[in-house]
Amino acid sequence: MSLTAKQRLFLTIAIPFGAQLVHFIWGKASLLGLDGKEVTSLNNEKCVGIPELQGCEDAYVLEDRGLAYLACTPISSRLDWIPAMLKYNATALPVSSDNYFALLDLTTNSYQTLKIIAPSIVSDNLYLHGLDIHREKGSDLLTLFAISHRPPQDRETAAQEGANSVIEIFETTVGGKELKWVQTVEHELVRTPNSVAATGPRSFYFTNDHRRKVHWSRTFEMLYMEPSDIIYCDATSTTSDCKVAVDSVVYPNGLDLSPNGLLYSSSSAEPKISVWEIQSGDNSLVLADTIEIPYLMDNVHIAPDGTLFVPTFPKALELINLVKRATVDSQPTSAVEIYKVSTETGEKQFYGNKYKVERAFADDGSKVSGTTTSAPFKNKLLLTGVLAREVTICEIA
């Protein structure tokens, strides 16, 4: 039977479109871990848990001192207040924040909670997310930058307004027991901050993981996400100067500055790490390279030798289920795979492969679950999570 001209035209359009649609759906399914692949364990045999430290979204390791600084939140508060994941139950939060910074000794696994010296408007409204530390070479003075998602003054309006997020700046000394508040960075560009990367004692970059604090479109972000941005701030004066360093970045999440001066950002919507060159004139960012990673990611951490570690969600829907169904007493598990990125020095470099991307750790969620940070320390990884019931330290081969 011969086809009419209209039928041939329809097939000419429909077949390529259908192929593209199948490719799109399969790509999304693989990215979300719906391709049937199992998570095979790797380096999860020698792990130690610290159950007293819960809900620690991010961490910073001082390699030469064997110390880690963590931004932690009791699970009871995390369950009600995670703006990045549309948890806006601000009325259930305590009147004064129960969030805290912990100092962890990575050689003894002992820890202490740091005393915060700050005005009550800071300490009472401290709801922690990402953090970073700046340290001048040879100095014991540390400047800590912390993202804080303050609830709105009228907590009843949180679901409509979102968080009043800021970046808090503190100072301490290596191993000190106190954090002294220095400055609060408030700016219209501090919309949905997720991760912060210090470049000086009063300068930093941070990611806005979403373009808008609250919007109906965020319900459908698994299908499409409105690109956001990475911001640069100079807080040397009382009035902070912030500007867009690069725009149109899809779900920028983790951010870290490498020893060679390049800035690395991960995406929670695209399977790639972006490598940025900092422009000396205006501190804008220019894309220098991208690194393909199999799954969606969270925080980026770079070892002193430049090796990068990033946690991924091989079963991303498990993480979504964890966030939705977790309670104070129990929660579903979420598998994790940590990827290690280093410079390719083997034969593959001659075929155009600049980076060596390999698994460094993997668990199906039965031992380690919902990891959002994988900070390296010698032959170990410090694993923490926004809803993790404990901090875990694992030896890796």
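Keep in mind that glycine also has a Cβ here, set from the backbone N, Cα and C atoms.
Keep in mind the model is a prediction, meaning the values are calculated, not measured.
Over in TrEMBL, the protein carries these features:
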type     : residues                                      : note
DISULFID : CYS47-CYS394                                  : disulfide bond
BINDING  : ASP58, LEU131, ASN194, ASN253, ASP298, ASN299 : Ca(2+) binding site
ACT_SITE : HIS129                                        : active site, proton acceptor
Under 8 Å by Cβ from CYS394 (disulfide bond), same chain, sequence gap 6 or more: ASN43, ASN44, LYS46, CYS47, VAL48, PHE361, VAL368, LYS380, LEU381, LEU383
ASN299 (Ca(2+) binding site) to the residue listed as 'active site, proton acceptor': how many Å between their Cα atoms? 11
Just to confirm: which same-chain residues, 6+ apart in sequence, have a Cβ under 8 Å from the Cβ of ASP298 (Ca(2+) binding site)? ASN253, GLY254, SER266, SER268, VAL310, PRO311, THR312, PHE313, THR371, THR372, THR373
By a 10 Å Cβ neighbour count, the lowest-scoring of the binding-site residues ASN194, ASN253, ASN299 is ASN253
Looking only at C-alpha atoms, tell me how far ASN194 (Ca(2+) binding site) is from HIS129 (active site, proton acceptor), rounded to the nearest Å. 7
What other residues of this chain sit with their CB within 8 A of the center of the CB atoms of ASP58, LEU131, ASN194, ASN253, ASP298, ASN299, the recorded Ca(2+) site? GLU57, HIS129, GLY130, SER195, GLY254, LEU255, VAL300, THR372, THR373
ASP58 (Ca(2+) binding site) versus HIS129 (active site, proton acceptor) - Cα distance in angstrom: 7
Which one, from the recorded positions CYS47, LEU131, has the smallest tally of other C-beta atoms lying within 10 Å of its C-beta? CYS47
